[in-house]
Structures are given as C-alpha cells and as structure tokens.
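Colleague: Pasting a structure here, questions to come.
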C-alpha cells in the first residue's frame, strides 16, 4: 500500500520558512520514516555522515555517501531543481504531482532541501519494484546453471590462451579487473524466481546500471499534470525541458583521484582512463557495468577500429619506405633533375612570370616519387579490402558482444514524442492516433507542413555547401596569386645581406611548396570556422523541422552534420585530386576563369600537393579540433574556475556527492554523436584518399590511442554519470561507414588513373620505350611550344635566361612543326584509353573481391550461432525439468543450483571460454588478489 505523500517544505514561495534539511518518503514497498542526518561533517571527505561502524553497509560508505540516511537504501537517481522565479507555483505543483506518482509506483524519495540555490530529491528503487519492472521489460538475467565445457571448448580455450600469451604486455591488470564470465540467461520472471541466482542481500542482484535504467524508465512515464487536460505532460525529459527540474542523473560511485579508497570509478580511471594505459586493451565489460551498453559499445567499436589500424599502418609504412628507397634511384627523377638536359619550361603565369628550368623542380619531383610509385596501386587495393574486412569483422565482433551482453533479442521500445516537439505543437489542432500506443498525438501533414520545411531546410544546406566551395575558390585564387608573386622574387629582392638573399632564394626555389603549405593552413582555418557555423545551423534546421521522436531527430542531425562537414573537409582535396591541372589549356591559349589562368600541376605532378593538403587537414584537424579542444580547453576552463572560486577547502569537503556531481558537465545525448562523427570523418580520410597518403593510417592510429584515453577521461572525471542506456549496434554509423568504403573504391581508382603518373609510365614502358624502361619518359610527357606564338600581352618580360625560341610544357600535344599544331597527340588518346580502362578494371575487380569477401564472411560466427541455439535449447530443458521437479513437490530452494547442471542434461557449450576463466578467477566478485570490485 502506497504511503501518503507529505511534501517537504520548499524554498521559493516558502523561502521564509525554516528549511527542513532531509525528509524521507517510502512508496508501496516500504514504510514512512524520517532520518536525521549528523550535523558534524568533520573528517567527511565527501559530505558523508559519520555513522558508526555497524551502520556502514559497504566499502562504498568509506568513499561516498551513496545511501539514504538510514545507510541501507541505495541512491539510484538524483533529481535536482532550482527556484523558478517566473512561475514558482506551477513548478512546485508539477513536481509535487510527479513525485506523488513516483511514490505510487513504489519508488522511495528522500529530500535534501537545505536552503541552497539547488535542492535535491534522492530516488531509491526497492527490490520489489526492480523485480516487477525486470519482469515487465523482460530483462535477461543470469541463471543458476553453469554448464561444464566440452572437449571442443577446451581446445578452443587452449588456442585463446596461446594468443593471449603473445598479447600479455597489452592487457590490463586482470588481478584487479578479472575476466568477466558469462552465464546462461533468460528473461526474468517473478513466477520462476527459482531459476535465478538471487543473493542473500537482494539489493545486490541488479547491477547499478540496471537499477538506474529501470528508474529512468519509470521517470520517463510518470505524469506531472494536475488536471490531466494535457495528454503529454509526462516524463522527466519534458520536466527538464520545461525547467521544473534542472538535472536528473545517477551518482558516480566514488572518487577517482589518487589516494582515494578503492571503488568502481577509481578502478576504471586507474586501469582505463589513465594515460599510463595508452597501449593497453580496454576493460569493455567493466565499462559496460558502469556506463551501460551504449557507451561501452562505442568504446568497443573504437578499440576494434584502432586495432584494425595496426596492419594498415604496417603496410602504409612499408609503402612509404619503399618510396623513400626509389626516390633518388628512379630513372625519371634522375632525368628531371639532370641540368644537362637543359629543358626550358614555359612561364607559370602570363607576362610577369619568367621562363624556368625543369631541373629547378628536382626536389618537388623526388618528393612526389615517394608517394607516386607502383606500390601506390597495391596500397589502394589493400585499403579497399581493409575497409571491407574491417566492416565485416566488426559485424562479427558486434554479434559476439550482443550475445555476451544479452542484446541478441533487444528491441528498441516505442519512443514517445520529444518534449520539444510537444512544446511547439502545444496549441496544435490536428491530431492523429499513434498506431502503436493508441494515443492521439499532434500531427503535421506531410505535404502542407513537412515538405515545405524539408525543402527549405535542404535548400539552405545546399547554400551552406556552396559556401565551402566558394571558400575553396578563394584559396585557389590565393594560390595562383601567391605563386605568381613568388616568381617575381629575383626581380624585386636586391639586398647586400647574405641572410636576406639566401632566404629569398630559398623561398623562390620552393615557391610551390610554400604556396601549397600556406594555402592548406588557410584552408584548415576556414574549415574550423565553417564547422562551428555548420554545427549551429544544422541544429537550428533540425529543430525547425519539428521531428517527432529522438531517433528521427538524431538521424536527421547526423545526415546534416556529416554531409556539411564532409563537403567542408573534402572539397579542397577533391579539387586537387580530380580537377586541378585537368582543364588548363596550353600556352598561348589558356582557359581562364574570371579573366585568370587556372592552376597547373607542378612538373612532379599534383599527387604530392594532394598529399600535403591531406596531411595538413587531417593532422591539423586531429591536433587542433580534437586533441586541443578536448584536452587543453577543459583543463584551462577548470583552472580558471578554480582560480575564480571563493570556496574554502572545508566548504568543498562538506559538499554531498550529489552536489559534487551536479557541478560536473551534463552527459548530453549528443556526446557520443560527436565522437562517432569525428572517427567516421577520419575513416573517410583513410580510405577515400589512401592512394595519395600511405601515412594516414599511422597518424590515425596515434590519434586514436590518445582519443580513447581522452574520451575515457572525459566520461570518468569531467561528466556526470551518464544514464546506462542499452543499444545493440552503432546505429546509422555503420551505413555511413559502408557508404564511405564504396566511395573510396571509385575515388582511389580515379586518383591513380588521373592524378598519379602510374598510367602514363605504364603506357610509355609498354608501348613507346625502346627498352621497356623509363629512360626518355620526361621528354615523352613534355610538349613543345614556339614562343613566337605568344600574344604580345602574354609574352614574358623577364628574359634573364636569354632569348628563348622554344619552351616546353607538360601535356601530350603535337609540336608546332606538325600539322595540325598543338592538337592532342596520339599518345594522349592512348594514355586516356588506358586511364579509363584502369578505372573500369580497378573498380570491378575490387568490388567483386570485396563483395566476395562480404559473402564468404558470415555476419555471425558459426560457433556463436551454435551457442545461441544451444543456450535456447538448454534453457528450455532446464525450465521443463525444473517445472517437473516442482510439480513433484521437490524443494527447489534447498537444492540450490546443483540440479541444473546434472549429468542427465548431457549438454555443454561449445563456446564456453568463460569456464576456464572461472577456474583461474572464481565468480565471487573478487579478483585474484582478493580485492573487491564494486560495479
């Protein structure tokens, strides 16, 4: 029977009354009681009551006061509220109704209203409430039976142990975090409680994460409307949106700082989030116990992705060192660098730029050979296969995780409308029945309301994408003008200073490199600025669309932000890869845009410039936008707050755990979104342009090693404890990754065919070279131009090389002495045909191979399928045999769990690595060293 609700005295309208410090209310499964808190907080490290020894229920009371005043009932959730000066009575009534409904559901509440700015409601879920909702939600819970391993399982375990021996240096300390074993499980049923291993202290049966998840489930479904006139005045999210509560969160388990007593949070920090664990594997099961499946799945994916980068890094380094080895020995590079060839090149700009020697581009050409060689094709094919293998193996890994975490049958519950959606449509007159819930909900007609908004929203997105393109055009204009200006250095720099002259000469000789690097840095700055703008506008557009559920909102914002950031990051790279130097024309007849010549590729090709652009944007993004903002900025903010704070040490120590957690940044629902977005964009850098930058996997690997610890540190120390949400997969991000892997195949095919020199070299050696070598290749790629054909306004004014009658330019055209002059030569069409043929062959071969790999690798391992079927069969047999014994009048409780592993069942799992692990580390919750782990 539910206890009568007696509201605790509040601040606000009743602020003149003497505040009551703490008051407790019990629900349907408890009695009314009020406990007085000790007023002496001396020696209390976290606002904890100095209770007597026998009142301390667990080690946690040595860490934090995680219980009600009686020291027995655990705090499962905290509701915080501040004084609403605009509508205090409305807020008070809403909270009163809401909390009365919580008590009717069986939850127990205790208040902390000590006259401060923030007041708190502590929520406890009794075992009977947890049991009832576990039954309703069909939560899978461990059964008593733990079957014996078969011979096949022992062989499998021996293989696992052999592999683990080689990976010992990278494992976390299993004496502190023992391997978590998995027992057979089935949906919880209160009528079949004898199937489950319920401890003597029943409050320990459900983990902290499950307790908070069940409490949140209840909070999201309770009404706070007095008159019931508003159908959608329910749920904690709506109350937070309306400002009736300021925060709702579960408590962290204890302190994480050095010197604190042992607790789950500190163990995770010491053995996971600490920087000393950079090269260690992650304790994913313990992350799941503390933060829930959704966050643990992100870290499992990130860890798996980082591990898969290791072979890509090894191959990328091998390709890079191969390029270094042939850089100086390559015949084409030697020809280009040989000044005796005396090849005079046509000016890089009209009128002002002088003629120049091809040997001046020697360093540029040698650097280009590092990345533009035969190994590039191999690496592009390898990375295409790597992307497919990564996705396929992740599906298998995900299936294993789903089984181990009992998510194979997890179905996302029907989502209620978003509070923001209901607030916007509060006075809406059109309603439609929800076919699932049967509730009349506000409805926006698609063609009259939604379609015009969607059309306008995505039109604005196209405009925002056009801004990124415009920024790239601006950078192109900078490159053209900067390169032309640097070409004039010998004419305008005259100084007696050796330093000035040397510096000017160095800049002139590396004019292309200086222009490329500075342009890339400017482009990176523009990208970072546009990202901030795009982020705000993407959320504004999504809010404008007025989407009904949170999933619809998340998917919409994912598409918008990914599309905008994809265009922003990759627009300039696509330009260099596929458009620069392709449509410039020829000397005397250059194609112009807005009266200016287009950019040309250097003598060594555009691939080195693409590599520089990719490296600066990728590494710059990781260093500035990721690591600096995520590591340095929070520390600076924390330092400023500490300096500005006027609190004494005694005041800080006197704060309660819920007050300390309230100060932490809230764990927003979009926190994981940005982490996934960051990694997916990195995956795009890796795969779409891998042919141009084989070092990309190395930089990604180094970044991810840091990223894992940064994110772990953030969740452990800087954020309130997130709600332990359930999720069976990584959601829409898998589809995005798959789409990127398909785009990468096409992109790399065209990079090799159009941007690199691989195809022209191949055509030359197979058809034009007399000895099938690259000897004479440079001359083969250079066309002739008669300088007398220059228009008077375009003829170079600088003639420091003397009178030049014939200059060269990179193209396949007829010389001036052939008819028709300057037309495309036969070699051009041969090379073009070879390029198109390569694109077709490369794409089809890679697509066929990757599709074959996807077909050959099953999404769920065969051994796992067998285990799932075996578990379902054994579970059913256990239930049948147990029901039979129950019908025969046997006392199941006195039998314990022994009868469940009887030999007459004759079943043993094929996938039971856990049994051998149990032999090494008993399932008592204690590590080998005997220290208790609290999750």
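Each residue, glycine too, has its Cβ placed from N, Cα and C.
Automated prediction, rather than curation, is the source of TrEMBL annotations.
In case it helps, TrEMBL gives these features for our protein:
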type     : residues : note
REGION   : 1-58     : region 'Disordered'
DOMAIN   : 67-284   : domain 'Anoctamin dimerisation'
DOMAIN   : 287-871  : domain 'Anoctamin transmembrane'
TRANSMEM : 295-324  : transmembrane segment
TRANSMEM : 375-394  : transmembrane segment
TRANSMEM : 453-477  : transmembrane segment
TRANSMEM : 520-541  : transmembrane segment
TRANSMEM : 561-579  : transmembrane segment
TRANSMEM : 680-702  : transmembrane segment
TRANSMEM : 732-754  : transmembrane segment
TRANSMEM : 832-857  : transmembrane segment
REGION   : 911-935  : region 'Disordered'
COMPBIAS : 922-935  : compositional bias 'Polar residues'
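Can you tell me where each of these features sits in the structure?
Modeller: For the transmembrane segment (295-324), same-chain residues at least 6 beyond its ends with a Cβ under 8 Å from one of its own Cβ atoms are 281-282, 284-285, 287-288, 369-371, 373, 375-376, 378-379, 382-383, 386, 389-390, 393-394, 397-398, 401, 405, 672, 675-676, 679, 683, 686, 690, 694-698, 700-701, 704-705, 707-708, 711-712, 715, 722, 725, 727, 729-730.
Counting residues 6+ beyond its ends, the transmembrane segment (453-477) has Cβ neighbours under 8 Å at 519, 522-523, 526, 530, 533-534, 537, 541-542, 544-546, 560, 563-564, 567-568, 571-572, 575, 596, 599 in the same chain.
Outside the transmembrane segment (561-579), and at least 6 residues removed from its termini, the chain residues within Cβ reach (under 8 Å) are 461, 464-465, 468-469, 471-472, 475-476, 520, 523, 527, 530-531, 534-535, 538, 606, 609-610, 613-614, 617, 621, 677, 680-681, 684-685, 688-689, 692, 736, 747, 750-751, 754-755.
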Colleague: Should anything in the same chain at least six residues away from the transmembrane segment (520-541) have a Cβ under 8 Å from its Cβ atoms, list it; otherwise answer none.
Modeller: 457, 460-461, 464, 467-468, 471-472, 475, 478, 557, 560-561, 564-565, 568-569, 572, 612-613, 616-617, 620-621, 624-625
Colleague: Please give the sequence-distant neighbours of the transmembrane segment (375-394): residues at least 6 beyond its ends with Cβ less than 8 Å from one of its Cβ atoms.
Modeller: 301, 304-305, 308, 311-312, 315-316, 318-319, 322-323, 683, 686-687, 690-691, 694, 734, 737-738, 740-741, 744-745, 748-749, 751-752, 756, 758, 842, 846, 849-850, 853-854, 857, 859
Colleague: In the same chain, which residue numbers or ranges, 6 or more beyond the ends of the transmembrane segment (680-702), come under 8 angstroms Cβ to Cβ?
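Modeller: Distant contacts of the transmembrane segment (680-702): 305-306, 309-310, 312-313, 315-317, 319-320, 323, 371, 375-377, 379-380, 383-384, 386-387, 562, 565-566, 569-570, 573, 577, 607, 610-611, 614-615, 617-619, 621-622, 733, 736-737, 740-741, 743-744, 747-748, 751-752, 755-756.
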